Structure formats: structure tokens, C-alpha cells
Amino acid sequence: MIDTIAIIGAGLAGSTAARALRAQGYEGRIHLLGDESHQAYDRTTLSKTVLAGEQPEPPAILDSAWYASAHVDVQLGRRVSCLDLANRQIQFESGAPLAYDRLLLATGARARRMAIRGGDLAGIHTLRDLADSQALRQALQPGQSLVIVGGGLIGCEVATTARKLSVHVTILEAGDELLVRVLGHRTGAWCRAELERMGVRVERNAQAARFEGQGQVRAVICADGRRVPADVVLVSIGAEPADELARAAGIACARGVLVDATGATSCPEVFAAGDVAAWPLRQGGQRSLETYLNSQMEAEIAASAMLSQPVPAPQVPTSWTEIAGHRIQMIGDAEGPGEIVVRGDAQSGQPIVLLRLLDGCVEAATAINATREFSVATRLVGTRVSVSAEQLQDVGSNLRDLLKAKPN
């Protein structure tokens, strides 16, 4: 009998799981525990509309009235000290312990910081929560120089927003291209060109070695000696799963809490979802996917599994972004093996879809200003029908017709 489900982490994954549990008819107690003071909100806006000042606060994931109507016990500002797995109890820094029958870890991740000289200077920011976005927005003034260390999604989104605020922007990317991990080299190069067209300066193969300044950051010094002046710095080099509770309790972890395709951890009554969890991928391997859409899917899967309901097949990374005025959607790993097939022509203003084809199956897709085509491409990835490069390239054909082909 499952009388009580506790969820540690009241963000996107935690709140989505609570909603999914109620939607599936669970009538027992749900405790949603968060150490932040805010109810779950849409973090994808922090680098865009909130940072731009177009929204004072991000939209809520769920209406605040829902929690009360669904009889979900929300405890914000509550910090967990440890897990007592043997007795199925959560210990807090203060107050009585909380017993559970099933536990979901949805503690998310924190911004990775740089352990280099000058890292404690004023004016150096990270972007992970609302307070971070508000602090960065206050720091950015027209005419100032912002240096972004890291050319991933958040860095490129902030660069786009900062240029709209008339801020001078330089991106320092340690690798040879922007956005390779999520978009691949080809799309990364295209995004770099679009950012440069906006006035963003991009320095590749630029490894930040130290920050320079007296109390306030004034420059970033690269490993090769390049000096980049800065009034404000954003360190955007990824995130670290907040898996300390799980590790301390003896739950298996490796760059996140290790889970199976149902979200179950090495402890039978404990599940994990969202950025803290390393999930198995369809193409093999296991990692934290760190996307809004995957966090939602993982939370729904874990909720089903806690109630012994069927769960879907292993996941495929799915995300979206807005960079330099373009909407980019992606599914799968763009840099995997196979052939990259391009559908559309950027020079003529057509929507563009890049599809990674392997052994006659679409394994990944990236769509640029092509929302309708991406919807079909997502189904091609999911159904694994047999297609050819010529069929995918033919813009005169309807991608939807390819769904009728036989699975490979």
C-alpha cells in the first residue's frame, strides 16, 4: 500500500510528477519539498524575456491554486539534511522527520563554477534561478561589455538578449565551435554566423584562465594570453547534478543519480527525475539530459512507475532554443554516427531541417524556423521508419508521407 509519496525538489520535475500522480488517480498523501522560496516556474525564460525585462517574473509551471485543490502539501524553504533509507524517512535541518512509502528525487542541478584566480571578483555571474537572472539584468547596462565564458545554449541565449539591451557581447568558447554538444558542428557554425551578424564577438579555442580586476572584474585572461575587457562576466559552462543527498545515502550515482528506464534508482523505493538523474538513452549510454521537455517526460515516467503503471521506451534528448531571432528545435544527438541530410535552403529563406540518417533511420533532427517539419521529424525519430537521403532532401515532398514506410 502506497500511502505517502514524498518529492524532494519543487521545481519543474517535482511539480510535474505531483500533477501526474493525481492525474493517474493516486489519492494518497503527496509532500512536495523545496529549498527555494518560489513555487515551480519556467526557467527557460530566465535567459530570454525575464533577462530582457519583458517579464518581471517567469510564468508558473502550475497555478498556485492547483496545489491546494489537489491536496498536495507544498513545503518551500525546507532544507533536507539526509535520507534514512532503512526507515524510509527524510531528515530535515530542523523539525521532525517525514516518513514515505515512495520517494522521488528531483533536486535538479546547480551552475558549474570556475575554480580559477579571480573567481570571487564582483561582477561575475552564473544563471540558474530567478535571483541569478534578476542580478544579471541589473548589472547589464547599455554600452557595457559582457563576456560570456561558454558557448552553449544558455550562453548563446544570453548573448542574444544582451545585444537587444545594447550591451557589447563577447563569447569565449573553449572548443572549436559553439553549441556542438546540442546542435552539432554544422548548426553551431550557422548559429555563430547569425550571432556575429547581431554584433556578438565570438572567440573560439579560448580557454578562460583567470579573471582580472581589483574587487570588480575588469577582464578575462585566456590561456593563450588573450585579454578580453569585461564590465560583467557570465560563466556558462554547464551544470552539476545536485546529487549529494543520494550519494550520502549510498544510492548509485555517476554524474547524477543513476536510474533505469522507469526512473528507479539502486534503492527500490527511491526514484529520480529531472536534471539530477542520469537516464538510459535509446542509442545507449546514460546521462542527465538537462532539458525542459525531458524533465517533464522523466517526471511523468517516474510517477507512473511509482504506481506500477506501464512506462514508455527509453528517451531521446529533446529541446528547443531561441538564438539570434531564430527558433531552433532538436531531438536526438546531432553529432552521432551517420549522414547529415539537409532539407531546405537558408539562402532562400526556407525553413531548414537537418536530419542524421543512420542505416536508413532518422536518429536525430534539428529544425531552424521549421516548427511544422520538426513535429514530423520527431515522429520519424520515434517510429524508426525506413527512409532515404533523397526522400528527406526533396522539399517538394511531404515529410508526413514518409511515416507510412515500414519500420526498419
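Placement of Cβ uses the backbone N, Cα and C atoms for every residue, glycine included.
Under 8 Å, Cβ to Cβ, and six or more positions away along its own chain, Gln24 (FAD binding site) finds Ala303, Ser304, Leu307, Gln309. The FAD binding site feature in Swiss-Prot is assigned to 4-35; the stated evidence is sequence analysis.
Taking the Cβ of Leu165 (NAD(+) binding site) as centre and 10 Å as the limit, one finds 17 other Cβ atoms among all the protein chains shown. Among the features that Swiss-Prot reports, NAD(+) binding site is placed at 145-173.
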CB contacts for Val149 (NAD(+) binding site) [other CB atoms within 10 A, all chains]: 26
Pairwise Cα distance for Thr161 (NAD(+) binding site)/Thr16 (FAD binding site) [Å, integer]: 28
Proximal residue to Leu153 (NAD(+) binding site) among binding-site residues Ile8, Leu12, Thr16, Ala20, Gly28 (C-alpha distance): Leu12
Other CB atoms, at most 10 A from the CB of Thr16 (FAD binding site): 25
Among Val149, Glu157, Leu165, Val169, which are recorded as binding-site residues, the nearest neighbour of Gly28 (FAD binding site) by Cα: Glu157
